[in-house]
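Summarising the annotation, TrEMBL assigns L-glutamine binding site to GLY48, GLU49, SER50, ARG109, ILE136, ARG137. The active site, nucleophile annotation in TrEMBL covers CYS80. Residues or ranges marked as active site, charge relay system by TrEMBL: HIS179, GLU181.
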Amino acid sequence: MVPTIGVLALQGDVREHLAALSAAGVGAVPVRRPAELAAVDGIVLPGGESTTISKLLGIFELLDPLRARIADGLPAYGSCAGMILLAGEVLDGRPDQEQLGGLDVVVRRNAFGRQVDSFETDLDMTGVGSVRAVFIRAPWVEKTGADVEVLATVPGDAAQAAGRVVAVRQGNVLATSFHPEITGDLRVHAYFADLVRSA
Ligand code: GLN
């Protein structure tokens with residue numbers, strides 16, 4: 001059976017994720033309502049602005065249903081702002097910013113700093129291979145719990161941020177600081193689609 005993966009469609013680069021998922025061979029639908037969330041086999045939380053998405057999750061009455069489904073094992077993939085939303089704890093966030101949970105990590109928002117707030121590099125991602133990673137005011141993972149697997153770090157030749165953790169997985173929850181949805185490389189979405197199929 002072909003799984004249907006939802007993309008949380010409140011703000012951010014929703015279209016790019018929908019296109020990448022479709023190209024990776026799964027059903028891809030936008031999710032704005034609890035009934036739409038209830039119908040998906042997995043969920044993508046796109047890049048955008050985590051504080052805005054957090055606020056909209058409340059307004060659209062998706063915060064509790066999404067938290068509940070993720071706690072229940074719904075496969076979830078967050079890129080950039082999506083990683084921030086999945087994290088148990090956020091540094092440099094807004095005090096009223098809500099967390100979905102699912103990832104036992106501490107992330108730092110806008111971590112790469114102003115000079116290098118957006119950059120690209122090639123890096124190795126476990127289970128995927130070498131990928132072109134595009135960072136746009138990205139977070140990094142500053143602390144990982146015992147059940148969190150580190151899938152990628154910034155390579156040593158990328159100066160300031162070398163060694164920083166930028167892709168993680170905990171069970172059915174996947175997160176990257178970078179944006180594979182804008183590179184045309186479908187392998188990270190294919191990796192998530194495989195995770196959804198085997199969940
Ligand atoms: N800085 C953004 C945030 O805090 C994330 C940026 C992105 O998703 N490209 O949510």
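Backbone N, Cα and C define each Cβ position, glycine as well.
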Where SER50 (L-glutamine binding site) falls in three-state DSSP terms: helix
Fewest other C-beta atoms within 10 angstroms, as judged across ARG137, HIS179, which are the recorded positions: ARG137
Rounded to the nearest Å - Cα separation of GLU181 (active site, charge relay system) and SER50 (L-glutamine binding site): 17
Structural state of ARG137 (L-glutamine binding site), classified by DSSP into three states: coil
Assigned element (helix, strand, coil) containing the residue listed as 'active site, nucleophile', judged by DSSP: coil
Which of GLU49, GLU181, all recorded positions, has a Cβ with the fewest other Cβ atoms inside 10 Å: GLU49
Neighbourhood of the residue listed as 'active site, nucleophile' by C-beta distance under 8 A, where only residues 6 or more apart in the same chain count: PRO46, GLY47, GLY48, PHE135, ILE136, ARG137, ALA138, PRO139, THR176, SER177, PHE178, HIS179
L-glutamine site span - longest C-alpha distance across GLY48, GLU49, SER50, ARG109, ILE136, ARG137, in Å: 13
Nonlocal neighbours by CB distance (under 8 Å) for ARG109 (L-glutamine binding site), same chain, sequence gap 6 or more: SER50, ILE84, VAL90, LEU91, ASP92, GLY93, PRO139
Secondary structure at ARG109 (L-glutamine binding site), reduced by DSSP to three states: coil
GLU181 (active site, charge relay system) in three-state DSSP notation: helix
Remaining residues near the recorded L-glutamine site, that is with C-beta within 8 Å of the centroid of the site residues GLY48, GLU49, SER50, ARG109, ILE136, ARG137: GLY47, CYS80, ALA81, ILE84, ASN110, ALA138, PRO139
